[in-house]
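Reviewing the structure listed below.
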Amino acid sequence: MGIKGLTKLLADNAPKAMKEQKFESYFGRKIAVDASMSIYQFLIVVGRTGMETLTNEAGEVTSHLQGMFNRTIRLLEAGIKPVYVFDGKPPDMKKQELAKRYSKRDDATKDLTEAVEVGDKDAIEKLSKRTVKVTRQHNEDCKRLLRLMGVPVVEAPSEAEAECAALCINDKVFAVASEDMDSLTFGAPRFLRHLMDPSSKKIPVMEFDVAKVLEELELTMDQFIDLCILCGCDYCDSIKGIGGQTALKLIRQHGSIESILENLNKDRYQIPEDWPYQEARRLFKEPNVTLDIPELKWTAPDEEGLISFLVKDNGFNEDRVTKAIEKIKSAKNKSSQGRLESFFKPTATTSAPLKRKETSDKTSKAAANKKTKAGGKKK
């Protein structure tokens, strides 16, 4: 879920903290990517038509491998150096949210069965996506693929978003890429949305600057964390009836959740019983992360290993894989040039910040009006 409604809240109240960037503008940049979020997107979109997905001869789904392979090559060809970060053990506080997701997926599975029985194609298309689950095997498959491609993998002790933020805070990477906004709450200095979108969508990358977020909202980092908890996060329920704008107003007025609770109209707003907001706050401020990782290296691809894994084990087209490997090798040579900023003083960016509602609304409408169709044969 991430932080409920945070993108719109920032677009309306902190537009200078957001700017649209071209995909190619991240040439030479090291970017930490939330792997689980990307895999989930690939399973939903790549090669899917209704209940049909890309599979190998054994009937095992390969959509995640197809998506990860192609999307990573696109990053490398643009001179971007991705670091994929995988989730570890979720914190206990997230178990309630995960249980809700499992319940919704079970409900969707039951509804999907009924839709199949009556032949409702629209319902099948919609419900089949709601039943998607990223498994441990999906993660292990992608880790193996990335290592064969010569792309670094980081296994987080807990939340991938928190680990990504820690890598960015400690200058291991330039920015964090995900679709969930949690990384901002964990303090990532720079956060990117839509970096992993397919090129066919033609949606610009949205870059968020956390320092400018705080400046625009006139909040401290502690207050921003409290704001995110009030908006709704993965760790605890929020106060019903308090949306983003009201939460921002209350934080500006009272400064903290404790002070808000002391002054809140209890007849109008129902506070969750035994509300663990303090523990949620602690998880954002003191997440379980590690910087004890091997040096991040982007190496030459293992050509034989890739052909064995993708072609022999998973039924990929050998000619396409061979050509893709050549793209990886060519991209590695290109990215070794590095950014000009390594040699010359950087100039000020010409990227314009978003206007308040107008640009945000136009971007949303443009995205809504375009549907992506993934290619690939069903097997």
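Cβ coordinates are placed from backbone N, Cα and C, and glycine is handled just like the others.
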Report the candidate from Asp12, Asp34, Asp222, Asp226 that shares the Mg(2+) 1 site with Asp87, Glu159, Glu161, as recorded in Swiss-Prot. Asp34
Name the residue, out of Asp141, Asp209, Asp234, Asp237, that Swiss-Prot lists for the same Mg(2+) 2 site as Asp180, Asp182, please. Asp234
Would you mind telling me which of 255-263, 282-290, 300-308, 336-344 Swiss-Prot tags as region 'Interaction with PCNA'? 336-344
Any further residue of that chain within 8 Å (Cβ to the Cβ centroid of Asp34, Asp87, Glu159, Glu161) of the recorded Mg(2+) 1 site: Ser36, Met37, Val85, Ala156, Ala160, Ala162, Glu163, Cys164, Ser178, Asp180, Asp182, Ser183
Between Asp34, Arg71, Asp182, which of the binding-site residues has the fewest other CB atoms within 10 angstroms in the structure shown? Arg71
Summarise the region 'I-domain' (123-254) by DSSP state, stating how many residues are helix, strand and coil. 69 helix, 15 strand, 48 coil
Just how many other Cβ atoms lie inside 10 Å of the Cβ on Asp180 (Mg(2+) 2 binding site)? 19
Helix, strand or coil at Arg71 (DNA binding site) [DSSP, three-state]: helix
